[in-house]
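*Asks:* The structure follows.
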Amino acid sequence: MLVDSFNRVIDYIRVSVTKQCNFRCQYCMPATPLNFFDNEELLPLDNVLEFLKIAIDEGVKKIRITGGEPLLRKGLDEFIAKLHAYNKEVALVLSTNGFLLKKMAKDLKKAGLSRVNVSLDSLKSDRVLKISQKDALKNTLEGIEESLKVGLKLKLNTVVMKSVNGDEILDLLEYAKNRRIQIRYIEFMENTHAKSFVKGLKEEEILDLIAQKYKIMETEKPKQGSSKIYTLENGYQFGIIAPHSDDFCQSCNRIRLASDGKICPCLYYQDAIDAKEAIINKDTKMMKRLLKQSVINKPEKNMWNDKNSETPTRAFYYTGG
């Protein structure tokens, strides 16, 4: 079992398999060239697999595959299948912008993927183009429908931004509710890579907009996880991830492995442990030692609301959010 210095059990790893992305979202990497990253720097997936086997043996129960855009990584379905074969009890989930999902959903399901989280920031083509710099809405919606068709579990993630998509909160809720998919609204998280004009809506503002149409019956905060779950009177549940008002550090159960082999104990701390050499060499003892050290290095809090702290400079496309 992996336990940090504050007695939190760490049983969840987010694994970035690439920094590459086919979107250039305003809140993530808007000014980054499309060919900014040399693929040769990527860790071989078979080596990452060996690291994750160690993590599973140490008690990890959930692995999320992220990017960048993870569906750009060749051989991903085979990688997932090998992970699933190693331990079928481990939940394997994937975060994606959905652009390539339609053609890959069936293979991902067959490989053993438990769930896919799809980013959907608007239901309007022109807005999706403005937000992501990609004419992507049709592909993303088709990817969602195909995932449902093949039996993949789904969640939707929406970053809510003032004067951009805040007026679509109810429309997106209806879209998700009609398909029996949970949607999670995410407060914009400031970072030095985002466009300066991007401003987010806070949790209470999101709730006020939903309350104009629906009565919100109850609130549930899972013991682990970043989102608060709200239930409408018709039984539908949606989530809000609100790092500004609820840092969820007390129940944090995760670490992150970046695509270059660095283990990040916390999304908002620059400190990381470089495990690249150990992973490349498949050095079992060293990988285990560095994994345990990264857990010990987890800070108590992320300092998000500390007035003296600086805006995070580590890119979300590097750690996968």
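Think of each number as a place in line: the chain as shown, counted from 1.
The backbone N, Cα and C atoms fix where each Cβ goes, and this holds for glycine too.
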*Asks:* Which single residue out of Cys264, Cys266 does Swiss-Prot record at the [4Fe-4S] cluster 2 site shared with Cys249, Cys252?
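*Replies:* Same [4Fe-4S] cluster 2 site in Swiss-Prot: Cys266.
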*Asks:* Swiss-Prot records Arg64, Ser95, Lys155, Arg254, Ile255, Arg256 as GTP-binding residues. Which of Arg14, Arg24 is assigned to the same site?
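*Replies:* Between Arg14, Arg24, Swiss-Prot records just one in the GTP site with Arg64, Ser95, Lys155, Arg254, Ile255, Arg256, namely Arg14.
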*Asks:* May I ask which of the binding-site residues Arg14, Ser119, Arg256, Cys266 is closest to Cys28 ([4Fe-4S] cluster 1 binding site) if we compare their C-alpha atoms?
*Replies:* Ser119
*Asks:* Would you mind checking how many other C-beta atoms are within 10 angstroms of the C-beta on Arg254 (GTP binding site)?
*Replies:* 21
*Asks:* Just counting, how many other CB atoms are there within 10 A of the CB of Ser119 (S-adenosyl-L-methionine binding site)?
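*Replies:* Cβ-Cβ neighbours of Ser119 (S-adenosyl-L-methionine binding site) within 10 Å number 23.
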*Asks:* Taking just the CA atoms, what is the gap between Cys25 ([4Fe-4S] cluster 1 binding site) and Ser119 (S-adenosyl-L-methionine binding site) in Å?
*Replies:* 11
*Asks:* If you measure from the Cα of Arg14 (GTP binding site), which of the binding-site residues Cys21, Cys249, Cys266 is the nearest?
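*Replies:* Closest by Cα distance to Arg14 (GTP binding site) among the binding-site residues Cys21, Cys249, Cys266: Cys266.
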*Asks:* Could you check which of these binding-site residues, Cys21, Tyr27, Cys249, Cys252, Cys266, sit within 10 Å of Ser95 (GTP binding site), going Cα to Cα?
*Replies:* none
*Asks:* Note down the number of other Cβ atoms within 10 Å of the Cβ of Gly68 (S-adenosyl-L-methionine binding site), including every protein chain shown.
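*Replies:* By my count, 25.
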